[in-house]
C-alpha cells in the first residue's frame, strides 16, 4: 500500500474477474449460458473462511466499493467511508467482497457484453434480472472463493434488498443480514419515478430500441434526465435547501431557459457525468429489478411467513429524511421479522441527507454499524 | 445487577419470550438470555442506550413507546416488562392496555407518589417532592403521570387487570417487613406482575 493513502484506507486495489461456464437460470425463465463477474476484495480471508462480508451495491454502484484503482484517482470506491482498517466494516478483521452485479456496466456480463449466440453485444436482448438472480450469482462467486457462509451480507437501498433476499434464499449461508435504507418492495410512487426515468431514456431519439451501439449513438440526454430525476429523489428538501438554497449561478435572473439557479447547474452536471459513465440498458435493467422485487409475493404476500425461512440475525437502519425508502418501509421489514420471531435490531437515524445518507459517515449510523459488526467479529472469534 | 431486575427475573420462566419496553442498556435482557435462555427484544429511544444493547448482543428496536405497540401482534410475548417508564408515558392507561394485549403477563415498576416522604415534602414544604426515587425538579422531570399504588390498583380494577403479584420496596429496591404494613405510605417503588382478567 502506498504511504500516500490515509491509514484507514484499503489503499490501491485491483478488480478481479471470475468466469462461470455453467448456465445461470433466471427468474424471467431465460438463462445466461456463461458469464463473468468482476469483483474486488479487501482484507484477508481467515483460515476457517468464516470472516467474509459481502457488500451488495445499489442502483448505480459496482465492484469498486473502497480504496483507489490508481494513485491518481481523485475519488475512492463508493462506500469507502465504511470499509477499511478501523472503519465500521473493518478490513483488519473481515474479508470484504464487492462485485458488479450481472447486467451491470462495469465489467460483469451485461448488455454491453457479446452475446455468445449472436457474436454481437446483447443490448436490449440481455435478460431482465431479478434480485434473486444476482443473489444466486453471488452465491456462485462465494463457492468459487471457498466461502460456505458469510459472516454478514450488507447492502443499502437496492443492495439491502439483495441482503434480504440472501437471508431468504440461502438461510444457511449468512449469519448476519444488514439492510440499510431499503424496503420490502417498491411503492407505486417508487415505480412511477422509475418509469419516468425509463421513459426519458427510451424516448431519446438516440436510443434506437436499445440498439444504440449498432447505430454508433448513445441516448445521453435521456440517461442524464433519468439521473437528474433519480438524484432529486435521493436528496431531501432540507439537504437541497442547505446545499443550494435559491442561489443564482450568475448572480441575477436571466429570463431565459438556461441555468439560473445553482441547483439546476448541479443537476445538469450530475446527469451529464452519469450519462458519460453508465450504460442506458443497464439503467433500465436495474430499475426493473427494483420494481419487481417483492419476496413476500411467493408467500401469499405475507412478509412474516416469507422471512420465517431466515436463520440469520438482522440489523436494519433507516434515515429520517429518506422519502424514497422512508423509515416506515424499513419498519415493515422489522415488524415482519418480529412476527417471524427473528432476532432483529433496528434504528432510524436522524440525518438530513435523504436516501443518500447511507453513504455518509453519520456518527449515529456508523456507531451502530461498527458496534454491531464488532460483535459479529467477536462472536466469530476474529 | 439492578436490584429490581433481581426481583423481576424470578417471575420470568426460562425459555420464555420477553419484550422489554424502555430497555435501557439491555442489562435485564442480556441477563435473562444468559441465565434463562430467554428470547428477548428491547424497545428503546435513546441512541447511546441502543448502542449498549447492540454491544451486548441484545436485539433492540428504536421505538417511541408513546406511539403505541401497533407493530406487535396480540399475545405475541410471554411477558412484557416496563421498569420505571410507566409514569413517563403520555397515556399510561392506554399503555397498560397495550402491555396486556401484547403480553400474556406484564411486569411494571414505578415510584409511589404517596410515599410518606413525598407526602411530607408537599405537606410541610409546600413544594413538589424530591427523593431518591424522584430525584428531578418538577420542570424537567420525565415523570409526567405520577400515581400512587392505590391509584394504580384502581386503574387495574377499571381495566380488568388482575394483579398476580406485588412487591413493595424502598428506593434501593429492598423489601422490608414493615413496608407491607402500610405499603401506600411506606413503599417507594412497587413491582407489579399483571395479567388480563
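Positions of Cβ are set from backbone N, Cα and C atoms, glycine also.
TrEMBL annotations:
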ACT_SITE  A:157  active site, nucleophile
ACT_SITE  A:322  active site
ACT_SITE  A:355  active site
BINDING   A:227, A:356  substrate binding site
DOMAIN    A:51-359  domain 'AB hydrolase-1'
SITE      A:324  site 'Important for acyl-CoA specificity'
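Shown on the structure are the features that TrEMBL records.
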residue	record	Cβ contacts under 8 Å, 6 or more apart
A:157	active site, nucleophile	A:58, A:59, A:180, A:181, A:182, A:325, A:355, A:358
A:227	substrate binding site	A:197, A:270, A:271, A:274, A:275, A:278
A:322	active site	A:181, A:236, A:354, A:355, A:357
A:324	site 'Important for acyl-CoA specificity'	A:190, A:193, A:233, A:234, A:354, A:355
A:356	substrate binding site	A:234, A:235, A:239
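DSSP assigns residue A:322 (active site) to coil in the three-state reduction, placing it in neither a helix nor a strand.
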